[in-house]
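**Student:** The structure's right below; bear with me while I get my questions together.
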Amino acid sequence: MATFSGPAGPILSLNPQEDVEFQKEVAQVRKRITQRKKQEQLTPGVVYVRHLPNLLDETQIFSYFSQFGTVTRFRLSRSKRTGNSKGYAFVEFESEDVAKIVAETMNNYLFGERLLECHFMPPEKVHKELFKDWNIPFKQPSYPSVKRYNRNRTLTQKLRMEERFKKKERLLRKKLAKKGIDYDFPSLILQKTESISKTNRQTSTKGQVLRKKKKKVSGTLDTPEKTVDSQGPTPVCTPTFLERRKSQVAELNDDDKDDEIVFKQPISCVKEEIQETQTPTHSRKKRRRSSNQ
């Protein structure tokens, strides 16, 4: 059995005389086939999706929208600083008709306790670089310089940092002196003595403030209430309170040097008089009972 290898040769006609005409017909047929394929190619459609839950990833959203039709490209917008999703994405379907159907059906759809907003984007508004690097997997942004600066250092590493700052400070001062600029700026490294003095000052000021507060509180507790506000609540009329009021009235009268005479009656005598007035009623009742008997 003979085996054929290599690419297929050109199509030849059975009659060698009609070979030229046959090749022209073949070329025309091929053009028609290519034109039909171009006409059959579907125009893609892009859908703008909004109000997406923050916990969803690209793979989950891609698999969810792929049930409507073939998804050619997909992009979920994320923050460059944190890497978290911004809540909106762009989905490109193979056919424009499918994209319009998805936008109509999924608009105002309750998805993860949120109402989705889906809008069809016309091809004029779609940017060329909208789906740039869409197939590259997402990686959380890392800041090595920040991690390096915030890491815990040993004493030797701290001393090295201080030496570097001192060298930079010297170079700056030399450059300014060469250019004839008289400019004094604070040192890049704070001295320990200054920090200790500041802490001592802060503690002393705090102690003084606390002492003043204590004095104010003690003064308010020791001072008795000598006066009574007219607009305030009425005090309870106890015997001691009445005697105090009478003595105050007497002092005021003495100061004015009036000739009026004030009779001070003790409260006990008033009680005795009330008891004496009440006793005859009991005696009359007893007399009536004895007379009836």
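Glycine is no exception: its Cβ is also placed from the backbone N, Cα and C atoms.
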**Student:** Look through ARG30, ARG160, ARG245 and state which residue has the annotation omega-N-methylated arginine in Swiss-Prot.
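**Tutor:** That would be ARG245, per the omega-N-methylated arginine annotation in Swiss-Prot.
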**Student:** Which candidate in SER77, SER85, SER142, SER218 appears in Swiss-Prot with the annotation phosphoserine?
**Tutor:** SER218
**Student:** Where Swiss-Prot marks phosphothreonine, which residue is it, choosing among THR43, THR234?
**Tutor:** THR234
**Student:** Test of record reading: of SER230, SER283, which one does Swiss-Prot tag as phosphoserine?
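**Tutor:** In Swiss-Prot, SER230 carries the phosphoserine label; others show none in the record.
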**Student:** From SER13, SER195, SER247, SER268, name the one Swiss-Prot lists as phosphoserine.
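**Tutor:** Swiss-Prot records phosphoserine at SER247.
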**Student:** According to Swiss-Prot, which residue out of LYS31, LYS125, LYS271 bears the annotation SUMO2 cross-link?
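**Tutor:** Of the listed residues, Swiss-Prot records SUMO2 cross-link for LYS271.
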**Student:** Given the candidates SER63, SER79, SER95, SER145, specify the residue that Swiss-Prot annotates with phosphoserine.
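**Tutor:** When Swiss-Prot is consulted, phosphoserine appears for SER145.
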**Student:** Looking only at C-alpha atoms, tell me how far SER145 (phosphoserine) is from SER247 (phosphoserine), rounded to the nearest Å.
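**Tutor:** SER247 (phosphoserine) has its Cα 83 Å from the Cα of SER145 (phosphoserine).
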**Student:** For LYS179 (SUMO2 cross-link) and ARG244 (omega-N-methylated arginine), determine the Cα separation and express it in whole Å.
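**Tutor:** The separation of the Cα atoms works out to 87 Å.
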**Student:** With DSSP as the yardstick, break the domain 'RRM' (45-123) down into helix, strand and coil residue counts.
**Tutor:** 19 helix, 30 strand, 30 coil
**Student:** Could you check which of the recorded positions LYS139, ARG244, SER247 is the closest Cα neighbour of ARG114 (omega-N-methylarginine)?
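**Tutor:** Nearest listed residue in space: LYS139.
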**Student:** Round to a whole number and give the Cα-to-Cα distance in Å for the pair SER247 (phosphoserine) and LYS139 (SUMO2 cross-link).
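**Tutor:** So the alpha carbons of SER247 (phosphoserine) and LYS139 (SUMO2 cross-link) sit roughly 89 Å from each other.
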